[in-house]
Amino acid sequence: MDQKSDNAGKCPVAHTVPKGRSNRDWWPDQLDVQVLHQHSGLSDPMGKAFNYAEEFKKLDLEELKKDLHALMTESQDWWPADFGHYGGLFIRMAWHSAGTYRITDGRGGAGQGQQRFAPLNSWPDNANLDKARRLLWPIKQKYGNRISWADLMILTGNVALESMGFQTFGFAGGRADVWEPQELFWGPEGTWLGDERYSGERQLDEPLAAVQMGLIYVNPEGPNGNPDPVAAAREIRETFARMAMNDEETVALIAGGHTFGKTHGAGDPSFIGPDPEGGAIEDQGLGWKSTFGTGVGKDAITGGPEVTWSQTPTRWSNYFFENLFNYEWELTKSPAGAHQWKAKNADASIPDAFDASKKHVPTMLTTDLSLRFDPIYEKISRRFLENPDQFADAFARAWFKLTHRDMGPKVRYLGPEVPAEDLIWQDVIPAVDHKLVDENDVADLKGKVLASGLSVQELVSTAWASASTFRGSDKRGGANGARIRLAPQKDWEVNQPAQLARVLSVLEGIQKDFNTAHTGGKKISLADLIVLAGAAGVEKAAKAGGHDITVPFTPGRADASEAQTDAASFAALEPRADGFRNYVSRRRRQFMKPEEALVDRAQLLTLTAPELTVLVGGLRVVFTSRPEVLTNDFFVNLLDMGTQWSPMAEKEGVYEGRDRKTHEVKWTGTRVDLIFGSHSQLRALAEVYASSDAKEKFVGDFVAAWTKVMNADRFDLV
């Protein structure tokens, strides 16, 4: 037969597959452990051998910057450049890439190039930044793996500033891309621009650092669109502080960024199509297609306001402050219907972005006027008005901080434009200036530590307290620097200050004796000794359980000074809860259940679910009659079906386990303990370590996970 059926040549596989409900849909309150397995090698196309730092070193940065300079004025018909220069657009792209950073948990920021992915690529505040990245694609394509998207977006912001006459403070590469969206709590709202993140009298929930869902910081029209500059100033101060910026840095950033470019509110926002993630397949990831006029150039709609701040929007100047203070301002609305302000009785002195024959009167956003009508901001703004050189220096430094805040210590910085000056927000650690200890010294020091009278619990808890401050999000914290001996960490409740002071005193004595006794420049830092003492404690506990092991130790840490430590900044690292130590603060408001806080801290420590599980089991001194022995007793006794658990009426969050037959109390535990028997995935892992043949595996896995935490901030070892 040669008769063709109607289905000839068609794929035999049905493509309309019903979409089922996920486990999260069925059980929305279920503890999410999958966040511990983000950005695995399974999603990375580069392979294990790829080393971005080595690739970046091959980059001809000067050639790349020349290409970026040329791009600034190569206007494209599909997205024309305002004033013939893309500088303002690229500054906004870089700002919004970095500006998601929040100091409370160190998440967000420019470090992974997350602006490429949902939800950030579709936030209302990031409207039309997809065009900025598409303009960059030919350059990214040319330089390939030698420059990540994360680095390229920040570098392009720098080049934009430089191409418009501004002297930047510097640039460091080293931001490696990831290849999937980051699962991150951006707020509880289910709609864009929702603001269900407040409690009490407009108290913003932690760790959030923006006032509404889908905004970087604040609503430029004012709180919830209310055009009140003074009220807006309060929200600016709160959100910028949560991004680690003080008042001077805040003023400099707002004024500096608004020295260039314009906003786009040419028409009613109803003309705008879906965002990139909601667009049609033929749109190829471009969103916000507008049917207003041409949809681009003079007809572009990005947000609501239609504002140009400066008489020279493609050149660095002091016009922002001159206009801010030289005029009185009256409320008006943009063509899009958004609140904005125009100068009273002012001549038309602001150029049009696309018609050289047109001029406009100066305009400002509500949040711009905050810099004049808030008394603290006004004082700073007037100083910058009268001292343009101070303004330029403050903006250069604040911009560098904004774009590098989440990169961690300077040892991670790459490239020829890294500033020589050390800045306190970089959590400076001095270079090691002495000969390091060798294997014989390590053995000798372990012996002295174990003979000092300090218990296994004291040694292990002190090392954990020192190292577990590390945050993989912004690469802060960790054992290097020994900042556990400095304020504020030495006084944190979770660190048991009285015990900590005693342990540190003993270790400092051992350190002093060793350093005094050795000639030839050999020394051990307290940072190294704290970790070494913890290793000695783990080894002793393992030996007591019948396992003769050696915990890996690599010296090379240094001790930071008080002068190198911003105590206020480090206060953000204090845990509200630490499930590894069964700690929940009673004096600070909790935003998560204890078990959620445990997973959150594990994710900050870059731990996997198995690593989380084995560490909790090893660090516990509950569910065992051998508290200073490294055993799997925690898992064995937790999973014992001879025990029945019930909440204690007099202690919230505490449970008692009774013998099912005698009803006698055998154990007490917390939600963090019991989650390893309740949560199906964690229970599966607990069963591995509770098995009769798992004792050796448990010890080996614990030591590996312990060492990972101790070395989490050792970027010099990578």
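Using the three backbone atoms N, Cα and C, a Cβ is placed for every residue, glycine included.
Computed from a predicted structure; not experimentally measured.
So that you can see what the record holds, here are the features copied from Swiss-Prot:
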ACT_SITE  HIS96  active site, proton acceptor
BINDING   HIS258  heme b binding site
REGION    1-24  region 'Disordered'
SITE      ARG92  site 'Transition state stabilizer'
In whole Å, how far is the residue listed as 'heme b binding site' from ARG92 (site 'Transition state stabilizer') when you measure between their Cα atoms?
10
Using all protein chains in view, find how many other C-beta atoms are within 10 Å of the C-beta of ARG92 (site 'Transition state stabilizer').
24
Please state whether DSSP places the residue listed as 'active site, proton acceptor' in a helix, a strand or coil.
helix
Taking the Cβ of HIS96 (active site, proton acceptor) as reference, which residues of that chain separated by at least 6 in sequence fall under 8 Å from it?
GLN115, ASP125, ASN126, LEU129, ILE216
